[in-house]
Amino acid sequence: MRTAATMYMLTNISIGTIMVTSSNSWIMAWLGLELNSFAILPVISKTKHPRSIEATTKYFLTQSAASCLILFASTINAWQTGTWTITQMPDKLPSTLMLIALTMKMGTAPVHLWLPEVMQGSTLLTGLLISTWQKIAPMVLIFTTSNHSPSDIALIMGLLSTYLGGWGGMNQTHLRKVMAFSSIANMGWTMMTLTSEPKTSMMNIMLYLLLTTPTFLLLAQTSTKTLQDMTTMWTTSPTATIMLMLLLLSMAGLPPLTGFMPKLLILNELISQNLTPAAVATTMASLLSLIFYLRISYLTSLLTPPNSSTSTTKWRQNMNNLKMAQITPTAVMSTTTLPTLSP
């Protein structure tokens, strides 16, 4: 895809997200989501590979089904309340349908099966776009309607996402699928306190976007796609290897890194709401995600490959210092902003 066409599609993606975040009507929000979804389809299929075409088709079908459900739920709500206003959704049926539709757009369990396949068929930079920017618009709508969302359904979705994200990521060898299941697990943490403390959920998802961005950029810069590539990643850039290890541990939620604070606040909120069993279950589910995070960190920084490595292309790869300089500030923020988040 040529540069001008790519910029045109990225501009439409940005306009669609801005339309959703600034609208007060379900019609305008739906139009923004449609523009956002259709504009990214050429970006996913730009590699002209059967796997990317398959990923584009799966993404289109899933997003179309979610958009139909959004329009159906908003129509029912307008029929009952006489208004298309986003914040006016008092009935349980349309609010439940809307929650399911928006979580389908973001890839939250149990409507998450499309995300790993689409991420696997996309490039690393396109995967970055899907796992970060494409989540902003539906997430804003979820937080706008959080006071009407059914708390029990949100809690069940959160528990399912944390467990299925952890289980699904343990047996993966491709990093794009690992990052997809990591996104699913993190969306589970976000859903846990969606109705009781939406500000904490908002902070959790924003910090996850901050963590995911430098991770994908480092993987794309070093052309690392599988766990086998991680074993020789130190040959291209030792600094990037150490930073990637810290980013992975931060996404795992280990103190004193940035990713620890939102998980601590979510657990504290669950306990304060007398949901101690849910807090314990979520903590146990985080151990599943910790397994594959630690495995990747081990392969990245603690495993020395043999000197007779056959990955000759990795040894001859030239690193772009300008791009690495652009990644560094985001990576530093992703690992060292914990003191600024503490109360």
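Even glycines carry a Cβ here, placed using N, Cα and C.
Look at TrEMBL and you will find 23-289 tagged as domain 'NADH:quinone oxidoreductase/Mrp antiporter transmembrane'.
Residues or ranges marked as domain 'NADH dehydrogenase subunit 2 C-terminal' in TrEMBL: 291-340.
Distant neighbours of the transmembrane segment (26-44): 1, 5-6, 9-10, 12-13, 15-20, 52, 55-56, 59-60, 63-64, 67, 70-71, 74, 77-78, 84-86, 105, 118, 121-122, 126, 129-130, 134, 137-138, 141; these residues of the same chain sit at least 6 beyond its ends, with a Cβ under 8 Å from one of its Cβ atoms. What TrEMBL lists as transmembrane segment is 26-44 (among others).
Annotated transmembrane segment per TrEMBL: 56-76 (among others), in sequence order. Panel annotation: around the transmembrane segment (56-76), residues 26-27, 29-30, 33-34, 37, 40-41, 44-45, 84, 91, 93-95, 97-98, 100-102, 104-105, 111, 114, 117-118, 121, 130 of the same chain, lying at least six beyond its termini, place a Cβ under 8 Å from a Cβ of the stretch.
Sequence-distant neighbours of the transmembrane segment (96-115) (same chain, 6+ residues past either end, Cβ-Cβ under 8 Å): 33, 58-59, 61-63, 65-67, 69-70, 72-74, 76-77, 89, 130, 134-135, 137-139, 141-142, 145, 149-150, 153-154, 157, 160-161, 163-165, 180, 183-184, 187-188, 191. The transmembrane segment annotation in TrEMBL covers 96-115 (among others).
The transmembrane segment annotation in TrEMBL covers 149-166 (among others).
Long-range contacts of the transmembrane segment (202-220) within its own chain (CB-CB distance under 8 A, at least 6 residues past either end) are made by residues 123-125, 127-128, 131-132, 135-136, 139, 143, 175, 179, 183, 186-187, 189-190, 240, 243-244, 247-248, 250-251, 258-259, 261-263, 265-266, 323, 326-327, 330-331, 333-334, 341. Taken from TrEMBL, the feature transmembrane segment covers 202-220 (among others).
The feature transmembrane segment is assigned by TrEMBL to 232-254 (among others).
Annotation comment: TrEMBL describes 274-294 (among others) as transmembrane segment.
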